[in-house]
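Q: Quick one: the structure is below, questions incoming.
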Ligand SMILES: Nc1ncnc2c1ncn2[C@@H]1O[C@H](COP(=O)(O)OP(=O)(O)OP(=O)(O)O)[C@@H](O)[C@H]1O
């Protein structure tokens, strides 16, 4: 009988919490060049000059937020010892805030006392801006950090804030805007006037390479794990996987955390390479489950159709072949099928998500091209994530046979 008693186990982790998202390390490693540029863009603040507007961009997990927290912390420490400098920073994550109006309300509420908050609707935009200028003008220097700035659909605020002083909306406040985005094409989509003011100084954060990820992981390991808790191959493996996937430090740290958890659950004396492999499979499985759960019904049936070929060992297959199976599945379950073009769009979506592969094949001289589709993940994993769809539509004989063959393992 399994015992579900809890007892403290800390032989692997010294401080597991530092592997979690909300932890910011004391020092950032592997980002010297970017920190140098960012630091010099912030330098006017400490000289009590007008701050530059700064635009930080780079893919997810490359240290933009960590660098901002780190440098702002230092800047605020330095500012405290300078009497004439009244520095304040306000950070707003624009995820879920789609308009300038909503972002302006969020900034105002961040700066106001809890009992003086304003509701998210009900005022004309001009009134909201008036409140905003009043709040900002209470400070000597104020930095407004807009994380995920690309989520804001209009650029009114990005246009107005840099001009607030020139236009006389604020009298004394020196305002600096820091925009952060992981959408690499966002900058190009901005109007020329907004681009030139928001992107006065730009800092690009490239993906981490394996060497840099090793530095990040080694630094974190010293605080997170007991000495000798990791076998030698663990950090290089996590770094190599991280660099190959996307150069995302968050992913690499997550992989290390998951490997540590697996080793601890097994009561293993050390985290080993095998734990990293298992952790990778587990994270992939979580990722695909989340991805598939967000798909529409037809995208799932399209994936199910392709899965039936994979179960018969017949992949890769072309879209017309998948189409026939898709139509049969729809018809068997009384669902109105989509057009071939719409089904094709779902194949492209699945490919973009990385759930399936689509390789172009040249058909020889004058023959054009065709795309051959296959699954990008373990078949068993896909069948598991499609469980609900299979229940709803009925199991196909190929999948049935596959499940029966694998039910004991
Ligand atoms: N150079 C580094 N040294 C130590 N830890 C780092 C470094 N870069 C990133 N990290 C860690 O990786 C995780 C992700 O970093 P961060 O949130 O800064 O990425 P980001 O570029 O802002 O990503 P996103 O655009 O998704 O918000 C955080 O836990 C952070 O502490």
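Glycine residues also receive a Cβ, built from the backbone N, Cα and C atoms like all the rest.
Those TrEMBL annotations? Automatic predictions, nothing curated.
Dumping what TrEMBL says about this protein:
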type    : residues                     : note
DOMAIN  : 50-227                       : domain 'AAA+ ATPase'
BINDING : 62, 63, 64, 65, 66, 208, 220 : ATP binding site
DOMAIN  : 303-386                      : domain 'Cdc6 C-terminal'
Q: Tell me, if you would, which residue among 62, 66 (binding-site residues) has the fewest other CB atoms within 10 Å in the structure shown?
A: 66
Q: For each of 64, 220, count the other CB atoms within 10 A of its CB; which of these binding-site residues has the top count?
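A: Per the Cβ count within 10 Å, the most buried is 64.
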Q: Around the Cβ of residue 65 (ATP binding site), how many other Cβ atoms lie within 10 Å? Please give the count over every shown protein chain.
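A: So the Cβ neighbour count for residue 65 (ATP binding site) comes to 20.
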Q: Could you give me the DSSP helix, strand and coil counts for the domain 'Cdc6 C-terminal' (303-386)?
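A: For that range the per-state counts are 44 helix, 15 strand, 25 coil.
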Q: Hey, what's the Cβ neighbour count for residue 63 (ATP binding site) at 10 Å?
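A: For residue 63 (ATP binding site), the count of other Cβ atoms within 10 Å is 23.
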Q: Tell me, by DSSP, whether residue 63 (ATP binding site) is helix, strand or coil?
A: coil
Q: Note the mean pLDDT of the domain 'Cdc6 C-terminal' (303-386), expressed as a whole number.
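A: Averaged over the domain 'Cdc6 C-terminal' (303-386), the predicted model reaches a pLDDT of 90.
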